[in-house]
Structure formats: C-alpha cells, structure tokens
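Each remark here refers to the structure printed beneath this line.
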C-alpha cells in the first residue's frame, strides 16, 4: 500500500528537516571521501603500500569508536559536533602539512588515526533527531528513507569528487576540500533549529535493551555480506578479463540501494521489525541467485539490482527500528553502535572473501555473501519478537 499523506517534496519543504539533512550530508560526503583521499595522498607522497595500509588501518580503527563520540554528543549537545570536526579537520590539515614538509611517515599514520578518532558522528546524530520527530503521516519513515538514500549516494559520489579534485589539483587539495566540507557540515548541522531543540540528556548508566543488541547481531552478518561483495565482484570481473567492469557492477547495485530506500519510504509495508526480517531474506535470496551468473558480468549486474533494492529497504527500516528502540536521550550513541557493527562486518566479510576467492574462485565469495545474509535471519527473528514488546511512543522523543 502506498503512503498518500505526502511525498518527499513535502518532507523537504519543511525547512528544519531540509537544513539538517543537507548539512549532515555535506559532512558525510566529505568524510566518506577521506579514505580514498588518504590512499592517493600516501601513494603520491611516500610511494609506500605499507604506509598506505597503516594509514587506512589507523583511520578505520579509530573510526570504530563512534559510540563513544555519540555518547559525548548525547551528553553535551550538538555543539560537540563542531568541536569534534575542528579536531578531525585539523588532523587532516596536519597530514597535508606533513606531506609538504617531508615529515616522517609515522606522522602520516598518526594524522589519519586522529582524523578518525575525532570524526563527528553526523549520521548517528541526524538519525537520532529523525527518530524524535512526531510520527505524523509516516514522517519518520520518509525522512529515514531520504537519509539512507543520501548516505548511499555519498558512497557513490564521494570517490568521484576526490578523483576530480586530484585530476585538477592534487591529493593534498582533495584532502583540504574534504576537511573544510566536513567542518562546515558539522558546524551547520549542530546549529540547525532541529539540533537545538531542547531534549533530554543521556544517563551514563542507561543500558541498551536486549532487542537492540539482537538487531545489531542480525546486522553484523549483513555487513559481512557487503564486505564479501567488495572482494567477490572485482574478483569475478578480473577472472573474466574485464576488471574495470567491477566499478559499473558495484554502481548498479548501489543505484538499486538508493532506489530501494526511496521506495521503502513511500510504501506502507507494516512494522519496521517485520520489514527488516523480510528484506534480510530477500537479500540472501538475491545474493544466492548471483552465484549462478558470476561468469556473465552483464547478467551479474542485473541480478545484483535485486539485493540492492532489498538492502536499501532494509536500511530504511533498520534506522526506523533502531530509533524506536533506543533509550531516551541515547540516540546518537545507539546509532554509533550501528556504524561500528557495520564497519566491523565489512572488514570481516572482506577478509574471509579474500581468502576464499584466492583458493576457490570468485563464486565462493558470492556464496559467502549469501550465507552471511542468511545468517542474519535468525537473530532478526529474535529482534522481531523482543521489539514487538517495546511500546512505540506517540510523542516526540528527542535525544540530545
């Protein structure tokens, strides 16, 4: 059934929502570009794969502390976003300066680690705000869907922006632009009217409910499935003699994910916990079907649209569900855990798929992705049962 209470135009017509969405996405686009920026900068300045790997490892490890940064924002308010962004952007500036001064390579690794350590949790903060909006006419569902579509678009567009900046300038220019955009987005997000709306502060002893932990457990193998695809798709394209086709296949699936998010926001398909379970099953089925066409790259791209659509709808429902289950005043910390689970799953899936693809071929990587997605169904059922017992408040809950 389609939601006829107003489309995305009506949502974006509300200036407070539009302002926060655009500001947070500005920062998120910039943050998603940093990884590639670090790789290109290290390659240009050091010509060392080891230094590049150490920089990305340091960045990934410190980025995983998103729940701690989220707790700071919940406790001290949205101004914390700007303070974190100043430190993160400063670390990027330090890296660029270190390259210009021919500083020791350990300063590169340190700067990348600090950039991740102080990264403002813009996505978790925005989603905590959306979860506190009055749920009139499925407003929360549509805003979460827009947020999910914007986040996925950032994964597509950000590397292209970096490539253009490197082409017309240098990796240092690309990193500098990313640092400025991250700072502008974070400060602007913290100063929007929705961010400044009075809300309750988090209690340091507020535990997350068991239903939320089951949601996280269910999402971990899903993220691992995506990590496995990051390896399996290029491996399949390379095996067929067309390595460049991997980018087109991944982009096709990503477009499907954006479309799935937007479609999910427009359709009334029942409770979010039921949608998470259903989309988990569709994702597993679509990935299993992909194992049959790994030697036909065009067909592979077409088939992967299905899991892409399912993934987009899953994200939209997942954000809505996590927001409803989050303890009052702990929204940013809670969504920060989702970021950490996602990054951990991606790393585990990629590592396992790399070993499998090396020993058994690309198809094994796709089977691993399908098995991971299927493994998330059981904890998703548990999350459905437990979350059904949690009342959904009709009044706005604004985590701070």
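Yeah, the Cβs are placed from backbone N, Cα and C, and that goes for glycine too.
The domain 'Major facilitator superfamily (MFS) profile' annotation in TrEMBL covers 211-400. When pLDDT is averaged over the domain 'Major facilitator superfamily (MFS) profile' (211-400), the result is 87.
The feature transmembrane segment is assigned by TrEMBL to 20-43 (among others).
Summarising the annotation, TrEMBL assigns transmembrane segment to 49-68 (among others).
For the transmembrane segment (80-101), same-chain residues at least 6 beyond its ends with a Cβ under 8 Å from one of its own Cβ atoms are 27, 34, 38, 41, 44-45, 69, 72-73, 107-108, 111-112, 114-122, 125, 172, 175-176, 178-180, 182-183, 185-187, 189-191, 195. Residues or ranges marked as transmembrane segment in TrEMBL: 80-101 (among others).
Long-range Cβ contacts of the transmembrane segment (160-189) within its own chain (Cβ-Cβ under 8 Å, at least 6 residues beyond either end) map to 19-20, 23-31, 33-34, 36-38, 40-41, 43-45, 78, 81-82, 84-86, 88-89, 92-93, 95-96, 99-100, 119-120, 122, 125-126, 195. The annotation transmembrane segment is assigned in TrEMBL to 160-189 (among others).
Residues 246, 249-250, 253, 276, 280, 283, 287, 294, 300, 304, 311, 314, 318, 321-322, 325-326, 334, 337-338, 341-354, 357, 362, 365-366, 368-370, 372-373, 375-380, 382-383, 386-387, 389-390 of the same chain, all 6+ positions outside the transmembrane segment (210-233), place their C-beta atoms under 8 angstroms from a C-beta of that stretch. Marked as transmembrane segment by TrEMBL: 210-233 (among others).
Residues or ranges marked as transmembrane segment in TrEMBL: 245-269 (among others).
Under the heading transmembrane segment, TrEMBL lists 276-293 (among others). Long-range neighbours of the transmembrane segment (276-293) within the same chain, counting only residues 6 or more positions beyond its ends whose Cβ lies under 8 Å from a Cβ of the stretch, are 215, 218, 222, 225, 229, 269, 299-300, 303-304, 306-307, 310-311, 313-314, 317-318, 321, 363, 366-367, 369-370, 373-374, 376-377, 380-381, 383-384.
According to TrEMBL, the feature transmembrane segment maps to 299-322 (among others).
Taking Cβ pairs closer than 8 Å, the transmembrane segment (334-358) reaches residues 60, 63-71, 121, 123-125, 127-128, 208, 212, 216, 219-232, 235, 318-319, 322-323, 325-327, 364-365, 368-369, 372 in its own chain, all 6 or more past its ends. Per TrEMBL, the feature transmembrane segment maps to 334-358 (among others).
Residues or ranges marked as transmembrane segment in TrEMBL: 364-388 (among others). Long-range contacts of the transmembrane segment (364-388) within the same chain, counting only residues at least 6 positions beyond its ends with a Cβ under 8 Å from a Cβ of the stretch, are 209-211, 214-215, 217-222, 224-226, 228-229, 231-232, 235-236, 271, 273-274, 276-277, 280-281, 283-284, 287-288, 290-291, 294, 307, 321, 324-325, 349, 352-353, 356-357.
Here the transmembrane segment (20-43) has Cβ contacts under 8 Å with residues 12, 51-52, 55-56, 59, 85, 92, 95-96, 99, 108, 112, 115, 119-120, 122-123, 125-126, 129, 143, 146-147, 150-151, 154-155, 157-159, 161-163, 166, 171-172, 174-175, 177-182, 184-186, 188-189, 192, 194-195 of the same chain, all six or more residues outside its ends. Counting same-chain residues at least six beyond the ends of the transmembrane segment (299-322), those with a Cβ under 8 angstroms from any Cβ of the stretch are 127, 130-131, 140-141, 144-145, 147-149, 151-152, 212, 215, 219, 222, 226, 233, 236, 248-249, 252-265, 272-273, 275-276, 279-280, 282-283, 285-287, 289-290, 293, 334-335, 338, 373, 383, 387.
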